[in-house]
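Q: Mind having a look at this structure? Questions to follow.
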Amino acid sequence: MAQLVSVLISFLFIPILIRLKFKLSYTILISAGILGLLSGLGFETLGGTVISIFTNPSSRTTVLTVMMVSILGGLMRHYKILDKVVETILLIIRNKKNALMVIPAIIGILIIPGGALLSAPFINNIGEGMKISPSRRAAINLVFRHIAMFLLPYSTALLIVSATLPDLNIFKLILLNLFFVISIIITGYFFFLKKVESEILPPRENIGKNLLKLAIYTSPIYIAVIINAITSLPFHITLIVSVFIVYLLSDKKDFIKVLIKSLNWSTVLTVVAVLIMKEIILNMEGLIGLFSNMFNASTGMLSMICIFLISSFFFGYITGNITASLAIILPMLSQLNIVGELIYIYTYFAFGSAFIGYYFSPLHLCQAFTLEHMGVTTGELYKEYRFYAPTLLLILIVSTFIFKFIFV
């Protein structure tokens, strides 16, 4: 029980530090330090957890991949490749409602903190022309911006899953996530776009040429996944090819200088802090034992689901960060005696619950940036979510039981 209290105390510092304008990376690192001091593990064990981040192949790969993704995102932003992607999309799509969904989804493939700020100007301009309210524009930008984190194996959240549950086939989890993503798209369209009037533009010219341009400009994003699937090379290696493609597409001016500046050390430090926290939690035998007893005492899947829902949602909400929530919940999940397909179903549910908590958190960076750009208050945005939020939660719960019925 004492170790559970230490976890709660350390995480109560996160919203406090964020309100004091600490960077997210420093906030999580400080919270990890507080957790380490309160855990009673001893300095030798704590030192070992920090060292393991750089000696453990899974953790090291996670850190290197995040470094490469931040470089890729910075390069694509600096050389206006993202702008070219959006311009090409608007040359292909005739229905502006479809463009409002596709643009944030495409830009969301670049997994960077607060990345919704990149798509916000485009959505704001198009939405204003369609007479969509600012709060509705904000919701549209945020809903479709967060699809990629469920599907891209090099998204930070899925990298944390791989690092914590190394025996898990990440592509099987992505297959389950695909159902939730489709649900997000359908419900997002139904609640935020269905009643919006949109003119159908005249037939586009040179569709084939523009599709080829879109494939070329987005190739730095998907080529790394293709190479990984074919060769099984780690993502931090395959992303080198993506960076080289950006070099070919760019004007090459000051490329090395821009590449170095594109490395987002704050993002890297955030992931390192999350991994340190994960290792500390894995070494807290009392805490793991407490949760194991809770799960073992549960009389069925419903009670297990309730525990995962409350814990994953809670930590996602108070931190405004999905990786922080997963860093707490997944290590405990990894210590439970769950075998077969059931581990995928519980991971799917924990991932979805953490996402919902993080997504609707007022500390969510993408939300904060979008609201600031569009001049919308948190209350106005939450009013837009009044039906969407419970629907999303219901879909997650029902789909989990359906997967249990089908696969177990």
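Each residue, glycine too, has its Cβ placed from N, Cα and C.
Not my notes, these are from TrEMBL:
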type     : residues : note
TRANSMEM : 29-54    : transmembrane segment
TRANSMEM : 61-79    : transmembrane segment
TRANSMEM : 99-123   : transmembrane segment
TRANSMEM : 143-164  : transmembrane segment
TRANSMEM : 170-191  : transmembrane segment
TRANSMEM : 233-250  : transmembrane segment
TRANSMEM : 262-281  : transmembrane segment
TRANSMEM : 301-330  : transmembrane segment
TRANSMEM : 342-361  : transmembrane segment
TRANSMEM : 387-407  : transmembrane segment
Q: Sequence gap of 6 or more, Cβ distance under 8 Å, 3 or more pairs: do the transmembrane segment (301-330) and the transmembrane segment (143-164) meet that?
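A: With 3 or more qualifying Cβ pairs, these stretches touch.
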Q: If you count Cβ pairs under 8 Å, which stretch among 233-250, 262-281, 342-361, 387-407 touches the transmembrane segment (170-191) the most?
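A: It is 387-407 that shares the most Cβ pairs under 8 Å with the transmembrane segment (170-191).
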Q: If you count every Cβ pair below 8 Å, which range out of 143-164, 233-250, 387-407 shares the most with the transmembrane segment (262-281)?
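A: The stretch I would name here is 143-164.
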Q: Examine the transmembrane segment (342-361) against the transmembrane segment (61-79) and state whether at least 3 Cβ pairs sit under 8 A, considering only residue pairs 6 or more apart.
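A: These two stretches do not touch.
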Q: Suppose I define contact as three or more CB-CB distances under 8 A, residues 6 or more apart in sequence; do the transmembrane segment (61-79) and the transmembrane segment (233-250) meet it?
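A: Contact criterion met.
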Q: Please report, as numbers and ranges, the same-chain residues at least 6 past the borders of the transmembrane segment (143-164) whose CB is under 8 Å from any CB of it.
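A: Tertiary neighbours of the transmembrane segment (143-164) are 58-59, 61-62, 65-66, 69, 100-105, 107-109, 111, 115-116, 119, 170-171, 173-174, 177-178, 180-181, 184-185, 188, 192, 224-225, 228, 235, 239, 267, 271, 274-275, 278, 322-323, 326-327, 330-331, 333-334, 347, 351, 354-355, 359, 366, 388.
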